[in-house]
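Q: Can you read through this structure? Questions will come right after.
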Amino acid sequence: MFKRQKSLLSERKRELFFQGVSRSTSRNDLRSFHTLSQFVLSAGPLKSAPAPKHSKAAHFEIEILDAQTRKQICIVDKVAQSSTVHDVKQKFHKACPQWYPSRIGLQLECGKNQFPMFLAEYAGPLLIYLLFYLRVSQIYDVKESAGRLRHPVVHLACFCHCIHYIRHILETLFVHKVSADHTPLKNLIKSCALYWGFTSWIAYYINHPRYTPPSFGNRQIAISAINFLICEAGNHFINVILAHPNHTGHNACFPSPNYNPFTWMFFLVSCPNYTYEIGSWISFTVMTQTLPAGIFTLLMSIQMSLWAKKKHKFYLKKFNSCMHRKSAIIPFIL
C-alpha cells in the first residue's frame, strides 16, 4: 500500500513539474514574442522586397527608302534600341527576301533635332557679318566712317563670307543627312560661341574704317578670290557625292569620283570636303590679310585634320583595297 501511494505521489509530482515547466516555457514564449513585437514596432513597418520591374525596351520603326528614287521600299518595325546595322539588314531581308543582306547598303537619314543647331551655327555668322558691314556708322566712329571710302576688297570679302555660309545653310537643308540624335546644349553653346565670336572679330577688322588692303594689291585679291570660289564649288560637289553615293554593285563602297573635275580630289585624299574647306579659309585669309581670319583658319585646320585622321582610319579598316596611296586631308603630306 505504502509503495503504491509513494509511486502515485511521485507520478503526481512529475505531472505537476511538467505542467509548471510547460507553463513557464509558454510564459517565456509569450514574453519573447512580446519583446520581438515591440522591437519590430520600434524599428518601423516591415518593407516587402521590391518586385523586379520589367523595363520596357524602346522599339522603333525604320523606313527603308531607295537611295536614288527616294521611294519607300518597306517599313521595318520592332527594332530594338541596341540593334546593329546587321540586325536591321536581317529584318529587312525577312520583310523583302529579294534583297540580300550582303548586297545592301543602309544609310541613316536625317532627323530634325540637329537642324536648329547647324542653322544657328551658320545663320548667326551670316547675320553678324552683315550687321558690321551695313551698320558701319553705328558701330565705328561716325567721322572716320563718313570720311573714308571703303576698299573694294571689303565688299568682296562680304560677298565671299555670305556665299560661304549661305552654301552651308542650303546644304544643311537640302543635301546633308544629319543624325537624329539629340544635341546637348553645351555643344550648341560652344559651337555658336566659336563661330559667332570669330565672325564678330573678323568682321570688325575688315569693315573698320582704318582697314588697310593687302600688300600685293589687286593681284593678291583676285587670285585669292578665284581660289576661294573654286574651293567653295568643290566643297559643294563633294558634299553632294557624300550625301548620294553611287550604289552600283557592292553598295558599301568608298565614294568614287565622277566626270566632275571637282570630285577628282577623291583620288588623292579620303576627306576632300575638309581639304576644300581649309582651302576656302586660307584663300579668305590671304585675300583680306587680317590676323583674326588667320587665327580662325589655323584653329579650323587643326580641328578638321583631327576629324580627317579619324575618318581615314575608319576608311582603312572598311575599304582597305580602295585606300592605298591616299592621304587623309592634304595630298602626299597628311
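Including glycine, each Cβ sits where the backbone N, Cα and C put it.
Taken from TrEMBL, the feature domain 'TECR-like N-terminal' applies to 60-110. Per TrEMBL, domain '3-oxo-5-alpha-steroid 4-dehydrogenase C-terminal' is recorded for 182-334. Summarising the annotation, TrEMBL assigns transmembrane segment to 290-308.
I'd like to know what surrounds each of these features in this structure.
A: Across the residues of the domain 'TECR-like N-terminal' (60-110), the predicted structure has a mean pLDDT of 71.
Here the transmembrane segment (290-308) has Cβ contacts under 8 Å with residues 198, 201-202, 204-206, 269-271, 274, 277-278, 281-282, 284, 328-329, 334 of the same chain, all six or more residues outside its ends.
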